[in-house]
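A.B. asks: The structure under discussion is supplied below as structure tokens; questions concerning it will follow.
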Amino acid sequence: MSKKPVAQRKQLTLSSFIGLDGNSQSQPKSRAASVRSKPPAVYNPIFLDASSSDDETTEISSQSNNGTIATKKSSRDPRTAKLKKHTYLDLSVSPLAKLSAKKYARDSPKKPTSLDLSVSPLAELLAKKSDRDSPKKPVQNENSYTYRGLSESPVENKSIGDTLRKPPQKERKTSIVWLSDSPEKKVTQNERKILDSPLQRFSFEDFPNKENGNRHHLLTLPDSPPPPQPVKKPEKTMWQNETKTIQDKDSPANPLVSNNLASISTLLDSSRAPNTYKGSSRNLFEDSPEKSGSGEQGYKLGSAKENEIPTKPATASLERNSVTSSPSPAAPLKPRYSVAFDNSLADYLKDLAQNDNFSIDPNKQNTETLKSTLGFFRNTYVELMEKYCSLIDQIPAMHFNEIAGFQPNTFLKLKVMRQKFKARTQLVQNSLDKKESQLKAEQEALEKEEIEMQAEQAQQTVLSSSSPEKSRPIMPLPKVQEIKDEKIPNRNQLIHDLCGEPDNFSPPSSPRDTQLIPKRQQLINDLCGEPDDFSPPSKQNDPHLLRKCEELVHDLCEEPDDYLAQSMMLDGDLEEEQLNGPTQGTTTSGMDDDEDDLEGLLAEIEDEHQKMQGRRSEFNGYSYKELEAVKVKEKHKETPINISLDDDGFPEYDEAMFEQMHSQAAANKSRVSSAGPSTSKSVVPTKQTSALHSQKLSGNFHANVHNDGITGEFDGQKFEHSTRLMHGLSYSFGLKSFRPNQLQVINATLLGNDCFVLMPTGGGKSLCYQLPAILTEGVTIVISPLKSLIFDQINKLASLDICAKSLSGEQKMADVMAIYRDLESQPPMVKLLYVTPEKISSSARFQDTLDTLNSNNYISRFVIDEAHCVSQWGHDFRPDYKKLGVLKKRFPNVPTIALTATATPRVRLDILAQLNLKNCKWFLSSFNRSNLRYRVLPKKGVSTLDDISRYIRSKPQHFSGIIYCLSRKECDETSKKMCKDGVRAVSYHAGLTDTDRESRQKDWLTGKMRVICATVAFGMGIDKPDVRFVLHYSLPKSIEGYYQEAGRAGRDGDVADCILYYNYSDMLRIKKMLDSDKALQYNVKKIHVDNLYRIVGYCENLTDCRRAQQLDYFGEHFTSEQCLENRETACDNCINKRAYKAVDALEHARKAARAVKDLCSGRSRFTLLHIADVLKGSKIKKIIDFNHHKTPHHGVLKDWDKNDVHRLLRKMVIDGFLREDLIFTNDFPQAYLYLGNNISKLMEGTPNFEFAVTKNAKEAKAAVGSVSDGATSSTADGQSGMREIHERCYTDLLDLCRTIASQRNVTMASIMNIQALKSMAETLPITEKDMCSIPHVTKANFDKYGAKLLEITSNYASEKLLMQAVLDEEEEQAAAKQRPSTSGWNNESVDWDMAVASQGNANTSGASGFNSFRAGKRKKIYKSGASKRYKTSTTSPAARKTTSARGRGGRAGAKRAESSASSASGWKSKKTGNSFGFDLMPLPGSK
């Protein structure tokens, strides 16, 4: 990944580095760049003496000789400058240390460009004093020197990063005086007097003046109190005021200082040269000029203190000095800036104000008018902004410094960026114009050449086919220049005018193609039946023209290859088509090819058109270019035509030729370009298939659902970051391609857009922000709800060598402080920082860190994982998530990504509203988890646990899963039951301590525990991809909750089971929990009850597809036919749909409602079960006691199944026709049935009330049996030994990863992706290159764990090769044994009677022998592989089972061996009992 070019840092003044910049709150950490391309923080190259105090400074400053040279302060007002003392241990580290010469581009070639202090008079004087005083004076009294900036400092070339940044000392006041002198002038006697005087605490700074070549000298004086704000008087300059202030203060106490100041003032007046200001080319800071990126002097982008608002410009005093060269009091100040206005601008604005578009009422106009008006306003706005910016560009940025809140650096960056875009736009436009001109020139050349060729061919054709007696006059051909001027007609338009518009016709791409010359237009009108004023050159029945048409048809059909190239290809692939650029419409080859001369064929086309009497030709769908591209054979002599034609003059159908052309078309299909639409029908299925495939990936959402993932805006690799993106994907993550919508999301967020990403579990949401994080400078803040998820993600990224950290309360203080220090560095090393929402809402320290990062532009983006927790309409609302909306308000320019796997349309909108995401891009993927098999089974008390235990024990030992329970008590009871039945299980719920929960979760993740019995809170973000089953022992609380919980199975893409055990009483238990929660508001409680009714309806529905019900809840269309495409994963309703039939149950529901009305009126209360018994006609004691058996409602549904009656009443409750009121009796809820609020709709209206009832027993049994047989049928695998090798290899790889994960105290997924392990077991790599070519395997994780994994795969690869060799050898032997038996068919001496008599015994023994051989062969294969791996050889079945159990997965191997033996014996008995004829091989799939 290429590094960004590092912009050159601005050289700051020494005073700005040490804090003497007029800002009392200046801290070292505030000197940060505001652009991301800024290099790491630099420090002051001068070591400061932090031990010196203010008293020592004052003391030493009062001493003689060795004073300190004051540092120049880069404040806005020089009169408030302060003095700072700096001492050095040695002169070699002081700023006056001799360094190599440094040249400046602004220096003239005539004057010296180096700053060599060793030969200057000032350096000699200072060196003498240093030599004389250094052995006597302490270190604090060493002279120190200041320079106007690091660019002038002798230590500027030293490594800045090696120095230390010292905190600023207490500031002292100084006054700044500028001195000027010519470059040739030496130090005068007055100056030497000044140097030799007691006032030695000043410094001369030499730097060239760009205007007049003079050198300015800076004199800094100490111990001056801050002068009062002087009254602005034009007659006095700033320098005079300052000098007067110093004299007033120092003259009573120190006359020598006054004299020296007077001499300095005289020297200033005599030697100061005028210094004119040159507009915007001057820098904002005179002491640090530097070229910006745009070529203008200004703020260096990314410089320290860039956006601080000064009270006065830093160069205010310098500007006054440069403007006033003499102290003349009455000299007026000339304006420093000039702005040039366009004289026509006023008229332009007046015209715009009077434009008619301002009077348009948007509410009364149609769509086309509004689009036109919108285009006008957009274009005019761009034009206005260009004129506005041209004026603003003429005003220097320093002019706005006095405006409160103005950020000069941001202003200059905006200006530079606008200029870059403007220049880039102009560059692209110039390139486009150049290419268009070249293309136009090429087209004109081709037009000229092709017209000449057409003219020559037409003349030759007419001459060769004409006779002296009957010669038709040749129509004059227009000249090339004349044709260009007349604009040759478009051929497609001509075909349209001649024969009508074809079905697949597309309009011309340019107006130029629609223009026809008058002569040709008139001719076409005549041909198509309009008023005729044109006389054709020949008669209608001219035999010569008929012969010409027949010749043309013959030539077209005589060349099948050329005809095929035009009529059966998807799109034209001729080279001349590609030269004409991209085309549109179906006739791609003829859209732009409007330059040929058609006049030579118009008469023939007219005759043919009249002969056909309006009947359309099969060639009308093609362009003229396609017809003329066929070679026309030149015939010097007339030859007879040997092709039989039909009535229309076309060749009769020849089946042989058609098959030949069809085969050639298939061979040429790979060369066809797919750049444009095709006229061939063969492309339609291809495009429809791709569209369906894309639709399947993106999901078929409802019409009103917005999805930016399918618009194409963010598709492809056409962006500047695309190259780095693909490199990072391959290098850092070991992937070669993206999953659906991943590329679009990454492109959108790298372009700075806010994104809402909805992907199913296992869809790759993490990559959508992890890959952009490593491509962007700065920190990506990831907000995740669970610490366990954060822990897993950090370990996984650490294995990929990606720097990811987290902040939580459980970390050590040293680790936390190290992370905070890194976040304050520039730039931070951390790429992803994981935090919980509580950390953001409650930690003031972290909030301050975010502010610091944002001020330095080092926050790449915010990522909000599990964003459905934001919405109170969701199933897992968390209050701290709702507070995350402040992030967008506080950091509006930072992109945000919200990710979730479950969100209904209502929840999606609420998420965006809560997070304050306004212009957000939506990326929705299909909710369908095609590898999950959904089933709903009845829950029958305690026996259900036996069914669960039996189901788990029927699965392989390495299959793991989750059992969801409603309460803690259920979790404990279920886990105990599983352990009792031999299933390794553990419970997980909120009643355990954090240590216990973490330990149990780790045991389940690493495979020590096979099943975890947990409440619904478990599993969010759990990164365990090989979960093979998720069982719900109790009812979920909502459909979206069930979708997310069940979605934790099968994240590796393999088939997994999702089984829900349903009992209506679970719904009553959940309602009881909701009623007992007094903190719930009414509207929130109603939401939960509605969600509960939906999941009950999902379970009660026995006919509709389970997937369709789930996806419809999320706003996506799905059908039962799509579910049945893969019967292995089809839901139970789709498989068992034949066991039920849909009936119109409206009258039955009304009967049930009348029963409830009569039986439950007054104070009578009865449950749903009691009403069902009455409707069914039961005569239990309670019904007889209440005399309900005598009511007319008794037995009205006696023909129905009892379960169907229960389901009917439950459906009426869910639909609101009935209601259940919970009444608690001794803490046991009883649900009594009453009429619901919607009962009037049922009784008075005609609602659609379809209901599925069970068919009779025989029909149901036949239907279920037929489906079951089709679902359970499987084909025997002849390569069972090979499959066993791959399975054992996969088991060993899993065990190794679990062991490593357990040692490192991380999850197995953090070691290696589960898909990578499966690929390893399938491909069995033997080299590092082969291993690294597997997806998800990178150089980083291979260096850590690849060697051990490669050792396992290499061993199994050797075993596979040996087994393959044994298989090949035994197959050859079996084939050799079977060859002699084939000769018996021709033996006429066979005694067939004896054969029939002995058929039974002979056949039995033969079959037994054959089966024994086949079984022995397979056992021998397995034995060979085992003996190779385990260095042993066994012959007995018992010994072979023991050998299989020695390695890893031995228990599974023993079971496989046992099942193999049983299948072999079954095969043997089946053949023995059914073979009464020849000894034949069994059919594939039989046993």
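Including glycine, each Cβ sits where the backbone N, Cα and C put it.
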A.B. asks: Where Swiss-Prot shows PHE738, ARG739, PRO740, ASN741, GLN742, GLY762, GLY763, GLY764, LYS765, SER766, ASN1313 binding ATP, which of ARG1028, ARG1048, ARG1051, ARG1069 is named for the same site?
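C.D. replies: Matched candidate out of ARG1028, ARG1048, ARG1051, ARG1069, per Swiss-Prot for ATP with PHE738, ARG739, PRO740, ASN741, GLN742, GLY762, GLY763, GLY764, LYS765, SER766, ASN1313: ARG1051.
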A.B. asks: Need the matching range: Swiss-Prot marks region '3' overhang DNA-binding' on one of 698-702, 928-932, 1178-1182, 1243-1247, and I'd like to know which.
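C.D. replies: Within the set 698-702, 928-932, 1178-1182, 1243-1247, Swiss-Prot attaches region '3' overhang DNA-binding' to 1178-1182.
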A.B. asks: From the list SER108, SER224, pick out the residue that Swiss-Prot labels phosphoserine.
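C.D. replies: Annotation hit in Swiss-Prot: SER108.
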A.B. asks: For the candidates SER197, SER326, I need the one that Swiss-Prot annotates as phosphoserine.
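C.D. replies: Record lookup, Swiss-Prot, feature phosphoserine, residue SER197.
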A.B. asks: Candidates are SER180, SER732, SER1412; I want to know which one Swiss-Prot annotates as phosphoserine.
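C.D. replies: The candidate carrying the phosphoserine note in Swiss-Prot is SER180.
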A.B. asks: Would you identify which of the recorded sites ARG878, LYS1037 has the most other C-beta atoms lying within 10 angstroms of its C-beta?
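C.D. replies: When each Cβ's neighbours within 10 Å are tallied, LYS1037 leads.
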A.B. asks: Using the alpha carbons only, what distance in Å do you get between ALA990 (site '3' overhang DNA-binding') and LYS1037 (site '3' overhang DNA-binding') once rounded?
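C.D. replies: The Cα atom of ALA990 (site '3' overhang DNA-binding') is 18 Å away from the Cα atom of LYS1037 (site '3' overhang DNA-binding').
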A.B. asks: State the Cα to Cα distance, in Å, between ARG878 (site '3' overhang DNA-binding') and THR1015 (site '3' overhang DNA-binding'), rounded to an integer.
C.D. replies: 17
A.B. asks: I'd like to know which of the recorded sites THR1015, THR1167 has the most other Cβ atoms within 10 Å of its Cβ.
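C.D. replies: Result of the Cβ crowding comparison: THR1015.
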A.B. asks: Provide the three-state secondary structure of ALA990 (site '3' overhang DNA-binding') computed with DSSP.
C.D. replies: coil
A.B. asks: In terms of Cβ proximity under 8 Å, which residues at least six beyond the ends of the motif 'DEAH box' (865-868) contact it?
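C.D. replies: Counting only partners 6 or more residues beyond its ends, the motif 'DEAH box' (865-868) has Cβ contacts under 8 Å with 756, 765, 782-785, 789, 874-876, 881, 898-903, 907, 911, 915, 1020-1021, 1040.
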A.B. asks: Could you pull out which residues elsewhere in the chain have a CB under 8 Å from any CB of the region '3' overhang DNA-binding' (1178-1182), counting only those six or more residues past its ends?
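C.D. replies: For the region '3' overhang DNA-binding' (1178-1182), the nonlocal Cβ contacts are 1170, 1189.
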A.B. asks: So for ALA990 (site '3' overhang DNA-binding'), how many other CB atoms are inside 10 Å of its CB?
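C.D. replies: Within a 10 Å radius of the Cβ of ALA990 (site '3' overhang DNA-binding') lie 10 other Cβ atoms.
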A.B. asks: Could you measure between THR1015 (site '3' overhang DNA-binding') and LYS1037 (site '3' overhang DNA-binding') for me? Cα positions, answer in whole angstrom.
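C.D. replies: Each residue's Cα considered, THR1015 (site '3' overhang DNA-binding') and LYS1037 (site '3' overhang DNA-binding') end up 12 Å apart.
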